[in-house]
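Novice: Handing you this structure, nothing more for now.
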Amino acid sequence: MSTLAPAPHPATVVRPTRATVLGGLLGGAATTSGIALTATSGWLVVRASERPVILTLLAAIVAVRAFGMARPYFRYLERLISHDAALAELADRRVAVFAALVPLTPARLGRRSRSAVLNGVVDDLTDVVEAQVRVTVPLVSGALAGLAAAALTAWFAPAVGMVVAALLVVVALGCAVAWRAESGSRDELLAARAEVARVGDLVARQAGELRAIGAERDALRSLDAAHATWRAAVARQSRGRALVAALLPLGTAAATVAAAQLVDPAAVGAPVAALLVLVPVAVGEALAPLVDTMRALARAQGSSARLTALLDQQPAVRDPATPATTSARRPEHLDGCAEPRAAGRVPVVRLEAATASWTRERPALSPTDLELRPGRHVAVVGPNGSGKSTLLAVLARSLDVTAGRHTRDGVDVRGLPLASVRADVAVVDDEPHVFAGSLAANLRLARPDADDGALRHALALAGLAPWLTELPDGLDTRLGTGGRGVSGGERTRLGIARAVLAERAVVLLDEPTAHLDDATATAVLDDVLDATRDRAVVLVSHRPEALGRFDHVLDLGSHPSSRPDQE
């Protein structure tokens, strides 16, 4: 796999490479062989009708066989090389896109739906990469074959050569019209496709709730309306395609008639005349796919614009270890899923009159003071919208402060490598992700070297020991897609188990017991606080009964934002 750092932007539409150019040359050989096969076959049929000595036909017979065998052979090599290059390109670009998205998460992606991001990473990126093969290869092969055909006919009859050249101009005109028509409708079509993905994702994720309140019919009507808009956009685009599709056959027919009128069988012979008349037919048929090539280019340009808008955002955090713009690097994940870190000294983290904002409109966190040191457990309370989740994002360095100070052992965190700061932090958000895999694999994302005993201990601290005994295959039970379903409470406690297992110096908990009953929530919280007694813990909670175990309560709904320790 190629190195990602010096690579062009992952949304670049056409980036000719040695493999795609070689594929174009092989495609040109295949197309030229097809044109030569048609022309030579015409010469052979007409010459054979004159009943010559059979030996005079041997060269043509061999040529027909050679061109007939060469066309599929060269086409196979072209497909093999170009598709191998395209798949390698897709793999490299997907890695680059994922790496570019990591610094944008969650601050710069929060206003985009999951479907919009997924649509960009999957559909738009696929359109862009497909253009590598569907544009470069056909253009190179078509240019070679067309010029070769024009030169061949001009050798025998310059007037017919001019006709073939004129046909090439018609093909180029058809390509330009196709590109223009596709470009005019692509934004509408891409927007309609994105809306279908958005509504479909929303309906799929909220299917249970919609069914519970009897709103599934309204949801399906919304999905049908989105599909209807998409179908209407496709229909309008298809009308333009139909007009362009009629242009090339008409041009080919006109070129064939013109060649038949211009060629003089008495001057060049009937077999050569047949060859010259058939060349425009073969050229028109061989170059017709170039229209689809320009459509693919127009679609790829639209997808590239959407992908660029997604990726070229300024990250919410600045990493001094990398350039300011997004770059391809190994991502760190906050939910206890980054590279393992040996338990060590807990840093002293301070916020001094810190404010933060997800957008430029208004601050999401008012000036706040907070100190985290070894063994200090802090609860954060406040009404919705007071900045509790924003505070956790700042502490996890998913978001930088816009005013005030955020220091780690007295050093401004913006001057520290992002990876080193995040390596000290484990976050349990309100929707931990469960990957399709075994329970053990889901836990070892936090610490790959953990043995089964450590996994069971972490599950017990998270209150999942009884659940583990009920699983049919224990730690090897498959979860997620294609496996056992996981409830909201179980998913949250899996996130807690990951955070405990990761042994990070700072543990951030965002409503970790929201899906649990009071007794279970109290037991789980007690176990987690006992297991992290020597670490810094910040808990966001709406449960007043949970605050008694904490050393400090930070109330973001009051001014000043903190109140004295409850020690």
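Each residue's number is its place along the chain shown, starting with 1.
The backbone N, Cα and C atoms fix where each Cβ goes, and this holds for glycine too.
Bear in mind that the values here come from a model prediction, so they are computed numbers and not experimental data.
The annotation domain 'ABC transmembrane type-1' is assigned in TrEMBL to 21-260. Annotation comment: TrEMBL describes 349-566 as domain 'ABC transporter'. Here TrEMBL flags 313-337 as region 'Disordered'. Feature annotation from TrEMBL assigns transmembrane segment to 21-46, 52-70, 135-156, 162-179, 242-262, 268-291.
Describe the structural context of these features.
Specialist: Confidence across the domain 'ABC transporter' (349-566), taken as the mean pLDDT and rounded to a whole number, stands at 81.
Away from its own ends, the transmembrane segment (52-70) comes close to residues 29-30, 33-34, 36-37, 40-41, 43-44 of its chain (Cβ-Cβ under 8 Å, at least six residues beyond either end).
Same-chain residues lying 6+ beyond the ends of the transmembrane segment (135-156) with a Cβ under 8 Å from its Cβ atoms: 13-14, 16, 20-21, 23-32, 35, 39, 78, 82, 162-165, 168, 171, 259, 268, 272, 275-276, 279, 282-283, 286-287, 289-290, 293, 296-297, 300.
Residues 142, 146-147, 149-150, 153-154, 241, 243-244, 247-248, 251-252, 255, 258-259, 262, 279-280, 283-284, 287-288, 290-295, 297-298 of the same chain lie 6 or more positions beyond the ends of the transmembrane segment (162-179) yet place their CB under 8 Å from a CB of it.
Outside the transmembrane segment (242-262) by six or more residues, the chain places 153, 157, 159-160, 163-164, 166-167, 170-171, 173-174, 177-178, 181, 276-277, 279-281, 283-285, 287-288, 291 with a CB less than 8 A from a CB of the stretch.
Beyond the ends of the transmembrane segment (268-291), by six or more residues, the same chain brings 31, 34-35, 38-47, 50, 138-139, 142, 145-146, 149, 152-153, 156-157, 160, 163-164, 167-168, 171, 174-175, 178, 244-245, 248-249, 251-252, 255-256, 258-260 to within a C-beta distance below 8 angstroms of the stretch.
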